[in-house]
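Peer 1: Quick paste from TrEMBL:
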| type | residues | note |
| --- | --- | --- |
| DOMAIN | 15-152 | domain 'EamA' |
| TRANSMEM | 40-62 | transmembrane segment |
| TRANSMEM | 74-97 | transmembrane segment |
| TRANSMEM | 103-123 | transmembrane segment |
| TRANSMEM | 135-155 | transmembrane segment |
| TRANSMEM | 181-201 | transmembrane segment |
| DOMAIN | 183-303 | domain 'EamA' |
| TRANSMEM | 213-232 | transmembrane segment |
| TRANSMEM | 252-271 | transmembrane segment |
| TRANSMEM | 278-298 | transmembrane segment |
Amino acid sequence: MIGLTMGSSCLPVAVMLCLNVVAAVMVSLVKVAMNGGMNPLVIVTLQQLTASVFLAPIAFFKERKSRPKLTLEIFAYIFVSAALGAALRQYMIFVALRYTTATFVTAFSNIAPVLTFLLAVATRSEALNLKCRTGMAKLAGTLVSLGGAMVLTLYKGVALTHAMSPHSQHHRPETVSRGKWTLGTVAILGNCVCLSCWFLLHGRLAKKYPHVYSCNALMSMLSFLQVAVVGLCTQRSITPWIITSKFQILTVLYAGIVGCGVSFVLVTWCIEKRGAVFVAAFIPVVQIIVSVIDFSILHEQLYLGR
């Protein structure tokens, strides 16, 4: 009995660690794809379309008998969740990747657990008792995450690794204009705000509509329609929408099926089991994995600070 209890309590931790690996790989793939000329809005649109096509059959066959009627309230929750968690958030993180580096994006994302915790306390979704050790640990962790994110953003340090290979020289942070770097920073900040709001909103949605496949399939479809409308208005030429290289196709499939479809279902399950703050607390793990991928595979330079 004790072993079963420990196993069930450790399962969300194992799931979140796996999801962080998935997120880190997706960030690196998307960064390389955009360096090759892919538009971030096109990637988000195709990603959400792929996710909805992947999840729709699963939702239909697995939950068609148990799925309740979709009320206007639930539809409104899913629509806003699609805008915050999929459309806006994914687009902002891809824009940030376009104008900064993958390591910087994941490092700055450490502010998301702070925002999630503060919003959870403000909305009384999370309790904070400073008289006990748990409350003090939560506060200390929040301050450390905030301080680390600010240092990595504001402090421009020296290189920690050897010079990069010639084929990656054009991706060095020094070559990015200050205006574009600032735009990327604002974009990742917007991503953190959207992500924190989405965690809390999705937590409430999971209680009101506990059918994870149907919920996330509809969310992916709505987010696809949202970004598709914007994309068709801003990218009227057919050229950016045509992907031909095997790497770009692989990136879209991975981002849609694994990075969005499977991940959203598992994140919803983890939020339902352990809460939004628990899920947000694992975000810093992505930074470590992305840094390793950046340095060892993509041959990016690592810096002390930004």
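Every residue number used here counts from 1 along the chain in the order it is shown.
Backbone N, Cα and C atoms are what each Cβ position is placed from, and that goes for glycine too.
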Peer 1: Out of 103-123, 213-232, 278-298, what stretch is closest in contact terms to the transmembrane segment (181-201), meaning most Cβ pairs under 8 angstroms?
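Peer 2: The stretch I would name here is 103-123.
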Peer 1: Using DSSP, how many residues in the domain 'EamA' (183-303) fall into helix, strand and coil?
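Peer 2: Secondary-structure composition of the domain 'EamA' (183-303): 100 helix, 1 strand, 20 coil.
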Peer 1: Which residues of the same chain, at least 6 past either end of the transmembrane segment (213-232), have a Cβ under 8 Å from a Cβ in it?
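Peer 2: Same-chain contacts beyond the flanks: 41-42, 44-45, 48-49, 51-52, 55-56, 58-59, 62-63, 67, 70, 78-79, 81-83, 85-87, 90-91, 205-206, 241, 260-261, 264-265, 268.
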Peer 1: Taking 40-62, 74-97, 252-271, 278-298 as candidates, which has the most Cβ pairs under 8 Å with the transmembrane segment (103-123)?
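Peer 2: Checked against 40-62, 74-97, 252-271, 278-298; highest Cβ contact count belongs to 278-298.
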Peer 1: Below 8 angstroms Cβ to Cβ, which residues of this chain, lying six or more residues outside the transmembrane segment (40-62), approach it?
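Peer 2: Cβ under 8 Å, 6 or more out: 30, 33-34, 86-87, 90-91, 94-95, 97-98, 211, 213-214, 216-218, 220-221, 223-224, 227-228, 230-231, 234-235, 240-241, 243, 251-253, 255-257, 259-261, 264-265.
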Peer 1: May I ask for the residues of the chain that lie six or more residues beyond the transmembrane segment (74-97) and have a Cβ under 8 Å from a Cβ within it?
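Peer 2: For the transmembrane segment (74-97), the sequence-distant neighbours (Cβ-Cβ under 8 Å, at least 6 residues beyond its ends) are 27, 30-31, 34, 40-41, 43-44, 47-48, 105, 108, 183-185, 187-188, 190-191, 194-195, 197-198, 201-202, 204-205, 208-209, 215, 218-220, 222-223, 226-227, 260, 264.
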